[in-house]
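Comments concern the structure below.
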């Protein structure tokens, strides 16, 4: 193993110089405003958690976690996701708070770098969790808030794609007895690998009509008109219950006036295994990766001995920074120059302008200093003299 070079960073980690840091903060502030206006409150959890508690509850595979050992010999993990730590918080610190809980966060999460090029090991998320509500209205609320968050970031052309765990589970279970085969099919869909999915379906010892039903099922997309078509393809009570729930969600989205932002996809499968109902992803035009993902996870809090329904989503801040066309607006930046004999006057002027919201950087003049050479760093260059303030 070679020794890292002087300025080298660990693979999968990145720096944020001022302009990128400003854009990241702008996005967080914009979505936070939306979250707060919907009644969500901010929470923060530790960067390090116990593996035996949060690590075991997390849906992230153990081999992707960053582990270390503390002085007492406990195995710790850098938080691999934010939902499991918040579930721990809800089951402990917030256990006496009235339900439902509306919580939001800004946090970095850590996962061992994957083989795909360009995947980060540390990435940033802003998200919400609605805990203690189980109905279609709660699912519609987080979907509506996801739409509002993308609007706040000025994402012009985007769409939320919505599926339901029960649709695919029920449909496959009705036609394929082998659980291992069903799991493998869902994994192919989770990777968006339709070629492997179709190949595996064709390789199964199934009647041609059943194979066609499986392929046709995945072609059903877009809007609620497809729900009746699903009902005609199955007798599964699991599927029918999922269809009924999705119809309720869609109805609430129509009440919000947001159904045009949402499309239906029965084959949509999340990569995390704790989802129990609605699952959704948000894409912008021209983006190959989702800007957000989320859904219902009604069994996660069982890991912390507090059984509560829950739903939520996470915005992928790193990707939003690429998709968001807005640029941060900073206050006017003033370069303020003065000689030693007027230092007190310069300090007072700088204080006044900072109180008014300007950025002020003070410079005591030296013989070698040329104030005009700073023009590229400031919006205005000002000189404090005994007679007052003047432009440089």
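Using N, Cα and C of the backbone, Cβ positions are placed for all residues, glycine too.
Among 111, 235, 306, the residue that TrEMBL places alongside 81, 82, 83, 125, 129, 274, 275 at the L-histidine binding site is 111. Of all the binding-site residues listed here (81, 129), the one with the fewest other CB atoms within 10 A of its own CB is 81.
Most buried of the binding-site residues 82, 83, 125, judged by other Cβ atoms within 10 Å, is 83. The L-histidine site in the record is lined by 81, 82, 83, 111, 125, 129, 274, 275, and its two most distant CA atoms lie 21 Å apart.
Non-local neighbourhood of residue 275 (L-histidine binding site): 165, 295, 296, 297, each in the same chain, at least six residues away, with C-beta under 8 Å from its C-beta.
Cβ-based neighbour count (10 Å, all protein chains) for residue 274 (L-histidine binding site) stands at 20.
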